Amino acid sequence: MRVLLVCLLLCALVVSDSEGSHELHGVSDASNCGCLNGGTCVTYKYFSNIWRCNCPKKFQGEHCEIDTLKTCYHGDGHSYRGKANTDIMDRPCLAWNSANVLTKTYHAHRPDALQLGLGKHNYCRNPDHQRRPWCYVQVGLKQLIQECKVHDCSSGKKPALPPGKLEFQCGQKALRPRFKIIGGEFTIIENQPWFAAIYRRHRGGSVTYVCGGSLISPCWVVSATHCFINHQKKEDYIVYLGRSRLNSMTPGEMKFEVEQLILHEGYRADTLAHHNDIALLKILSNNGQCAQPSRSIQTICLPPWNADPNFGTSCEITGFGKENSTDYLYPEQLKMTVVKLVSYQECQQPHYYGSEVTTKMLCAADPQWETDSCQGDSGGPLVCSVQGRMTLTGIVSWGRGCALKNKPGVYTRVSRFLPWIRSHIGEENGLAL
């Protein structure tokens, strides 16, 4: 009963506060509240140990940290404190203090949460200086980092998308990631919508499959230099996006010519290993367009600098590669399997690859040695979940045989080549950083 009376008295004081300011007293030491943006620290008349911020008209929040009139961001949006709270596909953001978000790197309970704009709300923020404000969005069973529907102040008001029109959202796919596949399985392109199938024209009109690749921006595909080193004529290559079958059309696929073919100037091949094995292809359709987003066509996120997943992490590989090195033909249907990242210390053991493996490479294998990338998978993606986003961690490069014990697949470590990628693509809009 005593507790109830105290609660009723406190409620009465709050009500009286809403009706007049005479029940509140200013506090000389505003640090008790941490008020921002000109907010003043006040206390209740009969409860001097309870403080709160009295905010100016355009601000709200526990510390007056939310700018209710802010509708755009400057720079990368690190200082944005507005109220946008959906991603670019209009899905609601998760609150920074929600249970699932509290397990992430950025959440409302961090010691520096106030400085980063995080709190008991679901408004878009950019605490880690990504390209623009973002938030966590519930997609299936996962909480993914998604860019927000808020425009850059310097570019003017962004027009609303027509109903049904999609935008590129790197690392997002229509089907849920499946990191528990054993032995590999045939799949459809919606499972890996960033996968690019690269073909070569021959004299006489025949066309053969060459390698895989990954769409990292609407106009650019990343692959492996060794796929093109012996034939560098860009006009002879064709790139398909949205394709599930090797030699027949998939509804919704797009076909592209190669406008630029950029091979890494430091590429070299040893007896077994390929060094600096990365290439870029600028793609353009016959009507002058780059890729258009759909359920079967999407960009893959590039990794943070030197922030690769931990060894032992399960990742996906995809391609039209052979199931065994002795097979004569490539499979007709796109195939996907799951491998685990292998540590450098293990991969550099003499019975693995020794000194052939460098820090610009990653090793990955099936723990049972039953499935692996193989001939024809070269240039394709090794995709892992990094900070909640599907990310291009590696590019299929080399290995001894296919699924041989103690001989994992070796992949170009994409995080080590971000400066090289940026030097050729620059700050082009749409790069999946």
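Just so you know, glycine gets a Cβ as well, placed from its N, Cα and C.
What Swiss-Prot records for C33-C41, C35-C53, C55-C64, C72-C153, C93-C135, C124-C148, C211-C227, C219-C290, C315-C384, C347-C363, C374-C402 is disulfide bond, and it gives similarity to another entry as the kind of evidence. For 29-65, the entry in Swiss-Prot reads domain 'EGF-like', with the evidence type sequence analysis. Annotated domain 'Kringle' per Swiss-Prot: 71-153, in sequence order, evidence recorded as sequence analysis. Annotation comment: Swiss-Prot describes S325 as phosphoserine. What Swiss-Prot records for 36-59 is region 'Binds urokinase plasminogen activator surface receptor'.
In the three-state DSSP scheme, C135 (disulfide bond) is classed as strand. Residue counts of the domain 'Kringle' (71-153) by helix, strand and coil are 8 helix, 21 strand, 54 coil (DSSP-based).
Cα separation, C219 (disulfide bond) to C211 (disulfide bond), rounded: 18 Å. The disulfide-bonded residues listed here (C93, C227, C290, C315, C347) include no residue with a Cα within 10 A of the Cα of C64 (disulfide bond). Checking Cα-Cα distances from C35 (disulfide bond) against the disulfide-bonded residues (C41, C55, C290) with a 10 Å cut-off leaves C41, C55, in sequence order.
Cβ neighbour count for C41 (disulfide bond): 20 (other Cβ atoms within 10 Å of its Cβ, all protein chains included).
The sparsest Cβ neighbourhood within 10 Å, among the listed disulfide-bonded residues (C64, C124, C211, C363), is found at C64.
According to DSSP, C35 (disulfide bond) sits in a coil region rather than a helix or strand. The separation of C53 (disulfide bond) from C41 (disulfide bond), Cα to Cα, is 5 Å. Within 10 Å of C93 (disulfide bond), counting C-alpha to C-alpha distances, fall the following of the disulfide-bonded residues C53, C148, C153, C347, C363, C384: C148. Each of the disulfide-bonded residues C55, C72 was scored by the number of other CB atoms within 10 A of its CB, and the lowest score belongs to C72.
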